[in-house]
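> According to TrEMBL, the protein carries these features:
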type: DOMAIN; residues: A:8-293; note: domain 'FAD/NAD(P)-binding'
type: BINDING; residues: A:D36, A:Q44, A:Y49, A:V89, A:F124, A:D288, A:T329; note: FAD binding site
Amino acid sequence: MTDTIKTDVLIVGAGPVGLFAVFELGLFDMKCHLIDILDRPGGQCAELYPEKPIYDIPGWPSISAQGLVDKLLEQIAPFKPEFTYNRMVSSLEKLDDGGFRVITDENEVFEAKVVVIAAGGGSFQPKRPPIPGIEAYEGKSVFYSVRRMEDFRGHDIVIVGGGDSALDWTLNLQQVAKSVTLVHRRPEFRAAPDSVNKMYAMQERKELAFQVGQVTGLTGADGLLSSATIKGPDGDVEVACTRMLPFFGLTMKLGPIADWGLNLHENLIPVDTEKFQTSVPGIFAVGDINWYPGKLKLILSGFHEVALMAQAAKRIISPGERIVFQYTTSSTSLQKKLGVHD
Amino acid sequence: MTKLTFIAHDGTHFDVDAENGSTVMENAIRNAVPGIEAECGGACACATCHVYVDEAWTAEVGEPEAMEEDMLDFAYDVQPNSRLSCQIKVRDALDGLVVRVPARQG
C-alpha cells in the first residue's frame, strides 16, 4: 500500500464545479486534492461536449466547454491544487479525529478533514451494450478494457464498435489472438482513417474478419462464451468466439458513492442550502450530484454552491476562527493569495 | 403549432403541439414522454433520445448527419429509420409527424 496522501479538502470530481471549489476554498487557505475517473480535468465539459458553446456563464456571452475548463484551471492555478486522474473513489470511512479516509480503486489512500463530492452525473464507466444476458459473461469472457494483452492470447475474439478503442485493439490483438472479428453496425467508422485503412488491408489479407451488424445474442455456459449472434444486412450470422470486447463509449453511474452511508434522493445527494452539506457532517455535495428543493443542474448554480460550502468547510477546518467576508476586488490579503498583489 | 405524435414502447400515443424551431426531443421531455432520456441535454453527445421515424415520414425528416450517425452507434437496436430526436427540428412540413420510442435507450 502506498503512503497516505493528506490534504485539507478532498474533492471527488474535477468538473467545472469541482475546479471552482478549489478557488473558493483556496481563498480561505484550504488546500485541495481532486480525484477524477477521467484522464484530464473538465468532467462532462471535457468528455461530452468540449467544442460546444455554453451561453449561460455570467460574463461570457459564449464560451466553449473546453474553453471554460481552461479558464477555470488558470483561475485556480495560484492555489496549486493536486490532481489524481484515472481513479474512482471506492470507499470512504470516518476517522476518530473527525476527518475522513478515502481509498481509490487502485488502493491509494487519502486523508482529508473535509470531503466535497462534485461528481456530476457520477463516474464515467464503459457502457454495457444492449445484448440480452451479457452480464453473465462480464469479467470472465466479456471485457470492457484490455489490461494485459496476454489475457487474450490464443483466443477467438469479437470486438464490437467503430471508434478508436475498437479499431486500435482490433489491430493490436490480432497479433496475439487466434482470430479477431470486428463487428460494427455500418461500414463507416469514427476511428482514425489510418487505423480503418489498416483494418481493411488486413481483412483483404484474411488476417482478420470484419462483419457489418449488431450483436443480438451470446451463447456459452458458466460465463464462458462460445459464440455471438450478429444481425447483419443479410440476416443472422453466428461467429465462434471465446472473448468479446464491446466498446460502446461511456455512461455516467453513481458508482460506489451509493455505499458511503449518505442519504440519497433518486441517485442524488440531498443537501441543505446554507452549507451544501450532506447527511454526514464534513461531507459536502455540490453541482449536478446534489439535490435540494428548486435545484437546477446548471454550472452557475454549482459555482454559487461552492462559495457557500467553502464558508462551512472553513468552520470545520479552523474551528473558532473568525471568518472575515472579503472581496477579491479590494482585499489585499485575498489578492496576495491570488498572486496579484506585491 | 405543429402536431407531433410519440408512440411509447407500450403503445401509448402522446399527441403534442410543438413550436417550430424546437427539437423533437425537447417536446418529448416537455410532455414527459416515457423512454426519452436525453442524458446530455441535446448536445448530440449521447444516444438516449433515440426514436424510430414512422416509415411515412422518413423522406421528409431526412437522413442523419455524420456526427449523429456516430452517436447512433451507441444506441439500442438501430434501424434504417433511427434518428436522435434532439437532431430533428420541428417545422411546418413535419406537421403530423409520428415517431416511435424504442424498448430502451442504450
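A Cβ is built for glycine as well, from the same backbone N, Cα and C atoms used for every other residue.
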> Please report the DSSP secondary structure of A:F124 (FAD binding site), reduced to three states.
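DSSP call for A:F124 (FAD binding site): strand.
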> Take the binding-site residues A:D36, A:Y49, A:F124, A:D288, A:T329 and keep those with a Cβ under 8 Å from any chain B Cβ; what remains?
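Going by the Cβ criterion (under 8 Å to chain B), the qualifying binding-site residues are A:Y49.
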> Taking DSSP three-state, what's A:V89 (FAD binding site) in: helix, strand or coil?
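The residue in question, A:V89 (FAD binding site), is strand (DSSP, three-state).
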> State which of the following binding-site residues has the fewest other Cβ atoms within 10 Å around its Cβ: A:Q44, A:T329.
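Per-residue Cβ counts within 10 Å for the binding-site residues A:Q44, A:T329 bottom out at A:T329.
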